[in-house]
Amino acid sequence: MTKEKIIVIVGPTAVGKTALGIALAGAFNGEIISGDSQQVYRHLDIGTAKASAREQALAVHHLIDIREVTESYSAFDFVQDAKRAIEDIVSRGKLPIIVGGTGLYLQSLLEGYHLGGDLDQKELLAYRQQLETLTDTELYQLLASKGIHLDQVNRRRAIRSLELNQFARDLENQEAPYNPLIIGLTDEREVIYERINKRVDLMMASGLLEEARWLFEQYPAVQASRGIGYKELFPYFQGQASLEEATATLKQQTRRFAKRQLTWFRNRMAVRFDSISESSYPQAIYDRVERFLKEP
C-alpha cells in the first residue's frame, strides 16, 4: 500500500518553522497542520507564537484554535486530529505540511504502532508519557529490571522496547503509516538564544502581558496555563516578582525549552538539521522537498 507523503518541519522555538512552512505550502500546493500542543487553544495567540492572521491568510492552517482553554489536550487527541487533517488535505490533492515543536505529539503520529487487541490507545500514550519523564539512567535501569538488553544505547528504542514489553499481546509494531520527509531547523546556540530574547521582547510589546493576565485571572489552574509563555509571568501578577524579573525568567525558561527541543529531535527522531544561517538555506530544502515528491 502506498503511504501518503507528508512534510514535517521541526526545531527549537523561534528558529523560523512557521515561515518555512508557509513558504513550502506556497511552493508545493500544501496546507499546514500545527504540531504544537499550545496552539490548539483559542484566545492564546501571542504566548503560543501562533501564526498571525496575515500568515494564516497565506496558507491554510489546521489544528489551531480548536479547543477552549478550559479543555485538556493530549498526544492521543493530536494523533486523531492530525490523521483526519491529513486525510482531508490529501483528498483535495494537496500536500500536508506539519509544523511544530511538540516532539511527543509528532513522534506519536509518525510511529508505526498499531493497536491489535483491546488496548485503548490512551493507555499506550499515557505509558509513553510516563516513560518520557525518566532520565536515561532510570530508563535503562527499568530495561534491566525487565531483562531487556539493547546492543546500542538509544532512548527511542528503549522506550519502544518497554512499550512492547508492557503491551506485548495488544501492540503490533507495523510500518509507519506515512512517508515523511522530516526537516529540522537549527542554528548556533547563541543565535537561537538571541532570537528567543528578541521574540519575547516583541511578544511583550504586542500584548503578551495582557493575554497572560487574562489567563491568570480567569483560568490559572487549567492545562493551557502551564505552557511556557504564561506561567512565568504569574509571579508578577501575584506581587512576587517585578515585571523585569518575570520577563527575564520567561526568556530563560524559553531558552531552556529550546535546548530540550533540540535534544529531543536529535535523539528520538531521524531528523536531518539545516542551519538557517547557511548560504544554501532555504534553497537546499526546496530542492530536497522537490526530489522527495518526485520519488515513487
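Cβ from N, Cα, C; glycine included.
Swiss-Prot assigns the feature region 'Interaction with substrate tRNA' to residues 36-39, out of the candidate ranges 36-39, 120-123, 252-255.
When averaged over the region 'Interaction with substrate tRNA' (36-39), pLDDT in the model lands at 95. When Cβ neighbours within 10 Å are tallied across all protein chains shown, the highest count among the binding-site residues Ala14, Val15 belongs to Val15.
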